[in-house]
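J.: Residues or ranges marked as topological domain 'Cytoplasmic' in Swiss-Prot: 1-13, 106-114, 167-185. As annotated by Swiss-Prot, topological domain 'Extracellular' applies to 35-84, 136-145. The transmembrane segment annotation in Swiss-Prot covers 14-34, 85-105, 115-135, 146-166.
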Amino acid sequence: MAFSRLWRNNHLPFVGIMILLAAALCLMFYALLWKAGNLADLPSLRIGFYNFCLWKEDMGSLACYNFPELDVLGIPQVGLALARLGVYGALVLTVFVPLPLLLAQYNRDEGEWRLAVCFLAASSILLAGGLSLFLSFVWKWLRLSFLGPALPALCLAQLLLIFLLVATVRFPPRDKEDKNQWENC
């Protein structure tokens, strides 16, 4: 009985959406801030959104490259900047999703709900675009076995963002229901 009341009042889907949102945020914080965006972090290779270090045999250590050298290696400055903007912009927009969702749930305001949907859609597009753009530039130095836990975390966050977008569209806030339904007869 209590379970059906929670479902009918739209509380259970809302709690599920908020839990999934917290999980997506944790995964993005882990990959982009804790792991510093490094998709490959090995003793002989470090490739991330802000690090590009390859092993130099003659030096016997990692040599990190910046933009004049990165252009020679085939990584354009504008492309890398757009990839960074995409993934870190997705994190920033996702941070702002819970507040409009909370306000939409408790005020039953459709405008705030639409704002949360727009933030989720933009975050999903930015994360997918930034990650695919970055991987297209650095894939010739990466192998599947080189990848660390940051890439699966970002891919799982992308899946959660898509699922959140679908769930948020599927379960919009409902209008306030009258407590006394006998008066409507």
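FYI, residue positions are counted from 1 along the chain as it appears here.
Just so it is clear, glycine is given a Cβ too, placed from its N, Cα and C backbone atoms.
Provide an account of the burial state, proximal residues and distances for the features listed.
T.: Summarised as a single figure, the pLDDT of the topological domain 'Cytoplasmic' (1-13) averages 60.
Helix first, then strand, then coil: DSSP counts for the topological domain 'Extracellular' (136-145) stand at 8 helix, 0 strand, 2 coil.
With a threshold of 8 Å between CB atoms, the same-chain residues lying at least 6 positions outside the transmembrane segment (146-166) that come near it are 17, 20-21, 23-24, 27-28, 30-32, 35, 37-42, 45, 47-48, 87, 90, 94, 117, 120-121, 123-124, 127-128, 131.
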J.: By DSSP assignment, list the helix, strand and coil residue numbers for the topological domain 'Extracellular' (35-84), in that order.
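T.: The composition, in the requested order, is 15 helix, 18 strand, 17 coil.
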J.: Are there residues at least 6 beyond the ends of the transmembrane segment (115-135) whose Cβ is under 8 Å from a Cβ of it, and what are they?
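T.: That would be 28, 39, 49, 79-80, 82-91, 93-94, 96-97, 100-101, 104, 142, 154-155, 157-158, 161-162, 164-165, 168-169.
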